[in-house]
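The next block holds one structure in the form of structure tokens; read it before the comments.
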Amino acid sequence: MSINFVSIIAKPKITITTNPFLVSSPLLFFSNKTKTKPSILTAFSSMSYDKELAAAKKAASLAARLCQKVQKAILQSDVQSKSDKSPVTVADYGSQALVSYVLQRELPSELFSLVAEEDSEDLRKDGAQETQERITKLVNDILASDGSYSDSILSTDDVVKAIDCGKSEGGSRGRHWVLDPIDGTKGFLRGDQYAIALALLDEGTVVLGVLACPNLPITSIAGGGSHHSLPGEVGCLFFSVAGGGTYMHSLDSSSAVKVQVSSIDNPEEASFFESYEAAHSMHDLSSSIAKKLGVKAPPVRIDSQAKYGALSRGDGVIYLRFPHKGYREKIWDHAAGYIVVAEAGGVVTDAAGNPLDFSKGRYLDLDTGIIVTNQKLMPSLLKAVRESIEEKISSL
Ligand SMILES: Nc1ncnc2c1ncn2[C@@H]1O[C@H](COP(=O)(O)OS(=O)(=O)O)[C@@H](OP(=O)(O)O)[C@H]1O
Ligand SMILES: [Mg+2]
Ligand SMILES: [Mg+2]
Ligand SMILES: [Mg+2]
């Protein structure tokens with residue numbers, strides 16, 4: 001059953017559409033070069049983030065459970081709605097509230113700073129009380145099912161406050177958690193891929209990342225260009241700490257395996273990932289780059305940072321992302337994916353080969369786009385990217 005998006009009628013208040021899980025408002029839709037030096041990495045590798053990692057894994061796993069519950073209900077509902085703008089659902093809010101709350105409960109002694117995608121502006125408007133209550137019930141139900149914090153049941157006010165903890169500006173000083181409560185909301189609504197993406201910045205560097213991908217198959221998706229009707233067991237959690245490698249386990253277990261990016265160095269054998277949504281990345285540009293490189297396989301289009309997770313375990317070798325002119329990338333769309341790939345031996349740069357700099361606040365300032373591959377393929381990929389961009393510019 002396909003779920004389309006809700007058309008946005010210009011009402012300045014929360015639009016609870018016929019789909020009770022989709023919350024949207026016009027305002028909300030608008031809410032939308034520094035390499036990790038080896039010396040810094042070495043310094044971090046001797047630093048322990050054990051407590052933070054355990055808290056982040058717990059937070060992301062519970063948020064994944066909340067999203068799975070809502071996605072099941074969305075897909076069982078018979079609602080058709082439509083929009084060409086960015087959607088938000090009760091699961092985005094619920095996931096953000098849950099992660100914010102769990103991190104603060106698990107790490108009570110730390111100064112808490114969270115840079116996250118959602119805020120409660122629209123939830124505070126007239127008519128949004130019912131939505132607030134639905135989100136609060138979801139959060140309390142997940143906490144109760146886990147048996148955590150049975151001493152406290154959250155009020156709607158607690159939930160709204162937990163969401164609003166995500167307003168931090170981040171930056172190059174101190175520690176900041178970085179969260180995308182549902183990355184790939186459009187994929188989530190289609191029943192496809194999405195991720196709960198949580199990272200920790202320490203002095204401007206990503207030092208920890210957890211990517212929960214509830215719909216990603218446990219086994220490789222290599223060779224499968226389709227994101228639909230995924231067979232077999234699904235639900236993966238990737239996690240990395242700087243200097244410690246990347247690991248993955250099923251969302252239903254905690255027995256982790258170390259993952260590594262593909263070592264393929266012949267582009268003819270390489271496959272590449274790109275956004276499912278053509279509005280999020282220029283598919284014509286990636287196709288010209290792939291052709292120049294000699295890539296034979298068609299692009300694998302999947303939503304969200306699940307692309308970084310899949311690449312970190314070698315399901316594909318290249319990820320190309322070229323937003324249309326004027327779009328500014330946000331740090332929560334890449335921080336967790338970046339460290340998951342980097343710690344698995346991959347390289348993530350902008351289109352000019354500059355490392356991504358997560359220390360500049362809520363946005364990433366970068367040249368043209370983001371490219372990801374293994375160390376061996378990066379030089380030829382950069383050359384193909386440069387040439388294709390030059391050709392595109394001269395053809396305009
Ligand atoms: N115009 C435009 N260009 C580039 N990127 C955009 C654009 N609009 C949105 N976004 C962001 O894309 C996030 C979804 O990630 P992907 O693009 O990898 O997924 S998808 O395949 O396109 O669905 C998506 O993340 P979520 O909002 O968390 O779903 C957005 O932050
Ligand atoms: Mg969004
Ligand atoms: Mg996102
Ligand atoms: Mg999101």
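Yeah, the Cβs are placed from backbone N, Cα and C, and that goes for glycine too.
Taken from TrEMBL, the feature Mg(2+) binding site covers GLU117, ASP180, ILE182, ASP183, ASP333. The secondary structure of ASP333 (Mg(2+) binding site), as reduced to three states from DSSP, is helical.
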Cβ-centroid neighbours of Mg(2+) site GLU117, ASP180, ILE182, ASP183, ASP333, 8 Å, sequence order: LEU179, PRO181, GLY184, THR185, ALA195, ALA197, SER304, GLN305, LYS330, TRP332
DSSP three-state assignment for GLU117 (Mg(2+) binding site): coil
CB within-chain contacts under 8 A for ASP180 (Mg(2+) binding site), separation at least 6: ALA116, GLU117, ALA195, ILE196, ALA197, LEU198, GLN305, LYS330, TRP332, ASP333, ALA336
